[in-house]
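Reading through the structure tokens given below for one structure.
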Amino acid sequence: MDQRLAQLVEELTTAGEPQLEPGRMKELKKICRSSEEHLSHAYHLLLTRLHEEHAEMRFSAFQIVQELFSRSHLFRTLLVSNFQEFLELTVGTDHEQPLPPPREVAQKLRKAAIAAVQGWHEKYGEAYKKLSLGYHYLKQNKKVDFQDVHARTVAERKREEEKQKRLDNVYKEKAKRAEKEMAEMSQEVAGTLTEMENCFRLLLPDPFDFTVNSTGLEPNEQTSADEDRSASSLPTYVGCVDDEQPCCSKDILPISQCVRTDQNEELADKQKKPEQDLLDGDTCSEVESGVPVLGDDDYETFVRNHGLISHKYALDLELSTADIKVHENEDNTAVINSVADAHKLVRNKFLPSVQSWIQLFTRAGINDDRLRCAIDLKNRLEAALRKYKEMNISFKERKRKVMKASDDGDDDDDDEDDFVEVPEKEGYEPHIPDHLRKEYGLENCPKKDESVKKDSCSLTKTKQKNEDELDPTCAAATLKLIRDKLPNESATTEPAALEEPDSKRRKLEEERAKAPLMPFGLDLHYWGQDQPSAGKILKFTSEHRFWAPSEVEEEVENKEITEMLKTRYITFAGKFEPVKHKCRAPMPDGSLCERQDRIKCPFHGKIIPRDECGVPINAEDRAREEKMRFEKQATQPETEWRDPEFMREVEAATGVDLGSSKTNGKGGKKKGKKKYPNLTDLKQQANTARSRLEKIVFNKGAVKRVVKAMNQMDQRKHEKFANQFNYALN
């Protein structure tokens with residue numbers, strides 16, 4: 001029974017399932033119910049399982065403990081007597097011994113254990129004093145919040161609080177830096193936005209800005225101007241109506257000048273039309289307010305001149321920005337360049353900075369004017385980017401302009417302002433004529449030919465050209481690259497140049513064929529001449545560093561050096577002869593080796609003559625191969641011929657162990673079977689990016705290679721700087 005009990009506990013705790021198997025659990029309860037000894041034995045088995053470094057095994061063991069705790073007084077007594085150890089293994093009250101992985105199962109175990117302790121205290125707390133003490137110990141000393149869903153311990157809570165405080169401090173510091181940056185950059189951002197808005201207005205005026213071309217008259221001047229215009233435009237207006245000529249918007253009378261006469265009033269009273277009644281009702285308020293009302297004729301004229309059917313409706317004009325396209329020309333190039341520069345600045349610098357400010361303020365929990373100002377800046381920047389996109393600017397083709405250095409004349413003009421005029425000295429002759437040079441004791445100056453002058457001019461020009469080609473910012477460098485890519489012009493002229501000395505070239509080739517060029521030594525180079533004194537050295541009788549008589553110097557000839565000048569090594573490889581024979585050693589698949597090595601095959605050793613079947617022709621070679629074959633068979637294991645699958649079938653049929661478990665195929669290691677395959681493999685779970693990098697970086701071979709490379713670097717440095725005191729100590 002004890003063996004069966006241990007087997008059941010092992011199977012239940014190593015199943016790796018979140019719920020216990022009901023059949024085995026029922027059998028375990030039945031065995032524990034049979035005697036107190038079995039129950040005590042089950043308690044010790046479960047306590048051993050709780051000590052395992054695997055959260056799934058502990059969780060399954062805790063579930064068994066929970067089932068037995070609610071059914072047996074003896075089991076409760078045993079568990080409460082060692083309650084502190086139980087809490088350390090399930091709740092993790094000892095921060096030095098945390099719960100083992102997997103982490104999710106460990107968290108689940110802690111929550112279930114805390115809930116179980118709370119339930120046991122409510123149900124059995126009065127009967128078991130140690131249980132009540134354990135509950136209060138968790139609540140008061142370990143500060144375990146039984147209402148906390150995550151069931152965190154004090155150490156975990158403290159760690160999280162400290163981590164949160166550190167994060168808050170970091171975010172506050174970043175928010176302060178962001179506030180400082182915003183205060184420094186806000187003025188620049190506002191200036192850039194104003195510049196973009198002004199450029200937009202210059203490129204495309206706002207259709208709803210009606211005062212864009214107004215002259216800005218003062219009120220008094222405007223009223224007087226209106227009166228003069230109305231007085232002057234009245235006769236023209238009447239004339240236009242009578243002559244039925246096309247009118248202009250400037251000639252249309254304003255509503256205030258359309259005065260209703262008495263005659264019009266009588267006509268209006270006589271005509272009783274519904275539309276006119278509605279019109280009278282609408283204009284009644286205008287009459288009461290003192291504003292002149294239009295008559296019938298004036299109203300019809302007003303409507304006809306303005307192209308309106310009635311003045312009671314409004315027109316909504318929608319201007320689509322999809323068809324807008326601004327083309328760059330000579331007039332707006334400067335404006336477009338300014339807009340493009342400002343757009344690049346906003347897109348690459350200002351908008352990312354503002355977005356980072358908003359993110360930092362949000363993380364730091366700032367909800368005051370700083371966040372509102374940042375959001376306002378972001379909205380304005382995004383609106384400017386949208387407007388730039390809607391403008392749909394088409395740029396002209398831009399050519400690369402290379403900035404060249406200013407000429408010498410320009411430098412002289414700039415530097416002339418820095419010089420002070422000085423009067424010339426008396427008797428100073430910058431140029432002395434040729435007939436007076438003898439009097440001054442000077443030689444005659446040789447006359448330069450025109451060719452020399454031309455050569456000097458060409459040299460200066462080529463020098464300046466070379467300097468321009470070396471300068472990567474100059475256009476000459478670009479032209480040089482293009483010329484290099486083009487086919488060489490001299491290639492076309494080479495055939496014409498080679499046609500002239502064709503006979504000389506043929507003669508040279510014939511002579512070279514007769515007498516090929518070979519390397520030679522110095523003795524052949526100076527053949528028939530005085531040989532160089534390479535082997536002679538000066539010998540000093542005195543070995544003192546400073547005091548040595550110069551008269552006693554004597555030359556000593558070193559025979560070894562002179563012999564080295566006259567000796568040479570000539571290697572004769574001979575004529576290449578291709579290999580015609582083959583290895584023809586028998587292969588495992590029955591074929592013959594087709595390698596054509598000259599002396600030795602890398603797989604079958606020295607090449608020997610064989611027949612068509614691969615059998616050695618010489619008797620000695622045959623005897624040697626037979627001996628090697630017997631030795632190889634003796635060293636091979638006896639089980640090589642056995643097939644593991646066939647042996648397992650024979651074992652299953654006969655029931656006799658033929659040793660199939662000992663064989664593991666050809667040349668392979670026997671894989672270790674997992675002890676508990678249903679549990680989560682902790683080693684496989686730890687296969688993270690960090691662990692994989694650790695395997696590669698801290699591999700023994702890699703560490704050895706790194707150490708070897710570093711030692712070589714140190715050795716090279718030591719050899720290079722060994723005589724310097726600064727590096728000798730390193």
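Glycine is no exception: its Cβ is also placed from the backbone N, Cα and C atoms.
This prediction places the mean pLDDT of the region 'VHS-like' (2-145) at 81. The region 'VHS-like' annotation in Swiss-Prot covers 2-145.
The coiled coil annotation in Swiss-Prot covers 155-199 (among others) and rests on sequence analysis. Remote same-chain partners of the coiled coil (155-199), defined as residues 6 or more beyond its termini with a Cβ less than 8 Å from a stretch Cβ, comprise 95, 143, 335-336, 338-339, 342-343, 345-346, 350, 353-354, 356-357, 360-361, 363-366, 370, 373-374, 377, 380-381, 384, 387-388.
Under the heading compositional bias 'Polar residues', Swiss-Prot lists 213-223.
Feature annotation from Swiss-Prot assigns region 'Disordered' to 213-232 (among others).
The list of residues near the coiled coil (369-401) in space but at least 6 beyond its ends in sequence, with Cβ under 8 angstroms from a Cβ of it, reads 179, 182, 186, 189, 193, 196-197, 200, 203-204, 321, 324-329, 333, 336, 339-340, 343, 346-347, 350-351, 354-355, 357-358, 361-362, 478. Here Swiss-Prot flags 369-401 (among others) as coiled coil, drawing on sequence analysis.
What Swiss-Prot lists as region 'Disordered' is 399-421 (among others).
Residues or ranges marked as compositional bias 'Acidic residues' in Swiss-Prot: 408-421.
The ubiquitin cross-link annotation in Swiss-Prot covers LYS425.
Feature annotation from Swiss-Prot assigns region 'Disordered' to 485-509 (among others).
Sequence-distant neighbours of the zinc finger (580-607) (same chain, 6+ residues past either end, Cβ-Cβ under 8 Å): 613-614. The feature zinc finger is assigned by Swiss-Prot to 580-607.
The annotation Zn(2+) binding site is assigned in Swiss-Prot to CYS583, CYS593, CYS601, HIS604. Around CYS583 (Zn(2+) binding site), taking its Cβ as the centre, 22 other Cβ atoms fall within 10 Å, counting all chains.
If you look up Swiss-Prot, you'll see 656-679 (among others) marked as region 'Disordered'.
Residues annotated as compositional bias 'Basic residues' in Swiss-Prot: 667-676.
Excluding CYS583, CYS593, CYS601, HIS604 themselves, the residues of that chain whose CB lies within 8 A of the CB mean position for the Zn(2+) site are, in sequence, LYS582, ARG584, ALA585, ARG595, ASP597, PHE603, GLY605, ILE607.
Each residue of the zinc finger (580-607) gets a DSSP state, and the totals for helix, strand and coil are 0 helix, 6 strand, 22 coil. Counting residue by residue with DSSP, the region 'VHS-like' (2-145) contains 107 helix, 0 strand, 37 coil. CYS601 (Zn(2+) binding site) is surrounded by 17 other CB atoms, counting those within 10 A of its CB over all protein chains shown.
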